[in-house]
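Read through the structure below, which is laid out as structure tokens, and then see the notes.
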Amino acid sequence: MIQMIINTLASAAIVAPAAVAFTLVFTLFRYANFAVGGFVTVGAFAAWTINVPLGCPLWVAGLGAMVVCASAFALSDRLVFRALRGRSGGTLLLVSIALSFVLENIMRFIYGAQMKGFDLPLTGPITIWDVRITRETVAVVSVSLLAILVVGAILILTPIGRALRAVADNPSLASVRGLPVPSVEVFGIAVAGAMLGLSGTLVGVDLSIDPNLNWAVTIPIIAAAIVGGLGSPIGAAAGAILIGAAEELTVAFLAPTYKGAVGFAVIALVLILRPQGLLGDKVDRK
Amino acid sequence: MTLLVLKDLRAGYGASDIVHGVNLELVPGKMIALVGPNGAGKSTLLKSIAGVANVTGGVLELDGKNLIPLQPSGRAQAGAVFMPQERNVFRTLSVSENLAVSAWGCRDIAARRDEVLTLLPTIRDYLRKRAGGLSGGQRQMVGLGMALMSRPRVLLVDEPTAGLSPLLVGEMLDTLRQLAASANLGILIVEQNARAALQRADRALVLVDGRVVRQGDAAALADEPDFGALFFGEAA
Amino acid sequence: MDSYLVAILTVAGIYLILALALNLQFGLTGLINFGVVGFYGLGAYASGIATETFHAPFLAGLLAALIIGAIAGALVALLSLRLSGDFLAIVTLGFAETIRLVFNNEDWLTHGPSGFIIVTRPVIAGLSRTATSWMVLGVILLAALLVLLLMMRLADTPYGRVLRAVREDDLVPATLGKNIFMYRLQAFVLGSAIMAGTGSLYAHYVQTITPDNFTTPVAILVWMSVIVGGAGNMKGTVLGALAVVFIYEGTRFIGPWLTMLDAEQISALRFIIIGVALILMIRFRPEGLLPEAYQRPAEAASRITPSKG
């Protein structure tokens, strides 16, 4: 039982930063960016490149992956999505799926299909009251939690975070109130990109890194964000825990091979029961 | 001394103009009302000054500075501050945050907020609430407070009484009237309640089909016998 | 070379039918179906299981595929059609992924990743290899032609015009007393059944199907066919499907020139080219090569009346 809770937290910790990123983009631009998994994959490979061939410690690799993903995400917005603002949600969805497909294959082109792993020192698990927790799990969960708290604090406490929420709420009013809307949007995109890079690094600690990560993570990320209500980082994190738990339960009591379908089953369920998600505000949709 | 100058200003959204050459001068401390029938281009004129609609010709200056090349945010920073008719608060932010975010880039947010709360003291009562949960009248007041946070020179107010009860209409217009005097603002207001607006404004322009058909002292205009005809666009 | 040409044309025919069905759903009716490969795969396995496990003739397999495709389409539609467009997209995508997991995991039924072997052919037995492949091509092109004629006919009827109205604005047909939900449901079910039928044709053509035949790259190619040709225009889809298959198959020939790349890299490069081309197309020519001749009500209106002041 406790072991299941730990597994749930570990998988939620990987998904949560990316779900926060998906939520941020959704609140800013009102479209579902399916390329999030592609960027997580890019982040995982970026961290691996810094960690293994370049021989830097993993925390440097993680920061590097965040910078790489923030830049790549901002670049994708500049080159692709900015020109498509105002197009239908379906068009943007299709474009983001195509982008995700392109990113996955760029990784395949550069790194090949072989699985890769970080260069981590072997450490024994910690045992507390008969429960075994690996040091990696502890690290992954704490880093993820810290990152989400930092993003939450930026949004609530800082002027730029306040401006970001204002732009997400009503961009045309933000503009007549004198806010530099494009710069605020770029800031939001960069924060989202950094979260995707962080998810990429955390995923690499837990699983092996290969281009097929893309679809494996996209679905839980989006499911977590939708379950979380597409409104706040806390909601996204809660959604990640819920999806993680649903996956754990499926593996334990149903069929492990259908873990991949859990995300969609939960999305379908949420869409039927509560189109606005579990937490967060009802989203105005056109 | 003249704050805002419009000379032969033409404006619209797409290919065709909606405002066909308007001249106007606004001085500090004065309030000018724009009245006229629906679709006369009053809101478009206001929005073109704010940068939300396109200026297609003429002169638009604030303190001698050309506003036309500026984006909406640039015009706001220059002092021409627009208060939209609808959706004029950030609904998911608290009232206090709404005020703070409207003074983007200013170091003295707290001082400005105190200033606004002195001018509009009723806002104090719901400072911590979410703006989306306010009543219509409260929301308009917050919208006004947000506009004041950037210490505007000219306030461009689009139908501030839309959806308010008759009692609140007079209150809102009185507030604006007093603001013009106490903050030494120039106010340009589009108002459906034409008589109520003319009672408070210094001057008024009657707009029909994008052209000024009558202008002058607001009180005198209200007393003219054919005012109703003008307002409803039936001028002979 | 001849056999290669036959193979390309056969594949082009299959993509064409899938793209026509998608054009009915997306182009005409505005329904975003990212689960094309789900219905396609479902039809392939349904038909294979009918003919091999239950020894039914090919036509019974095709019929089974059409029926199962229609049922699956109805279920997905009932689940999500009332929601807004992007949620339908997410649910259909989920459907395709889940279906693929079923193909992969239910070995007793589908033989899993090792492949399901289908002996039954859609043509008379006992012909030479070459003759059989030409005959199969004929069957697939005939099916494509039938679907094309059906779709072109449909697009021109009052029914097609209602579907367009549903796409443009939900309110207009509603005020005309049309039941929008039923129209969307019908278009989605018909499209899904055709996709499943295509799966049946494909299964009896390749004769070995694995879950990997029904993955995202196929969906991307089908979507690209519709977008390149011009959403809503059936003739455009013919052009689009041909263009996409020739680009895709054509990039096969860049391999020998780039000797420093391995097979994995060349395959990745081809997908990069396809994906980038799709994004560029949507970015710079969203109406496609052959835009739909129909004028959208919103645009038509904006040309007549200026915006309100």
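FYI, residue positions are counted from 1 along the chain as it appears here.
Placed from the backbone N, Cα and C atoms, the Cβ positions cover glycine too.
Residues or ranges marked as transmembrane segment by TrEMBL: A:31-50 (among others).
Per TrEMBL, transmembrane segment is recorded for A:57-76 (among others). Counting same-chain residues at least six beyond the ends of the transmembrane segment (A:57-76), those with a Cβ under 8 angstroms from any Cβ of the stretch are 35, 39, 42-44, 46-51, 99, 118-120, 143, 186, 189-198, 200-201, 205.
Under the heading transmembrane segment, TrEMBL lists A:88-106 (among others).
The transmembrane segment annotation in TrEMBL covers A:138-164 (among others).
Residues annotated as transmembrane segment in TrEMBL: A:184-205 (among others).
Taken from TrEMBL, the feature transmembrane segment covers A:217-243 (among others).
Residues 4, 216, 219-220, 222-224, 226-227, 242-243 of the same chain lie 6+ residues outside the transmembrane segment (A:249-273) yet bring a C-beta within less than 8 angstroms of a C-beta in it. Annotation source TrEMBL lists transmembrane segment at A:249-273 (among others).
Away from its own ends, the transmembrane segment (A:88-106) comes close to residues 29-39, 41-42, 76, 80-81, 211-212, 214, 218 of its chain (Cβ-Cβ under 8 Å, at least six residues beyond either end). Away from its own ends, the transmembrane segment (A:184-205) comes close to residues 13-18, 20-22, 24-25, 28-29, 36, 39-48, 58, 61-62, 65-74, 77, 117-118, 120, 136, 139-140, 143-144, 147, 151, 154, 160, 163-164, 167-168, 174, 213, 217, 221 of its chain (Cβ-Cβ under 8 Å, at least six residues beyond either end).
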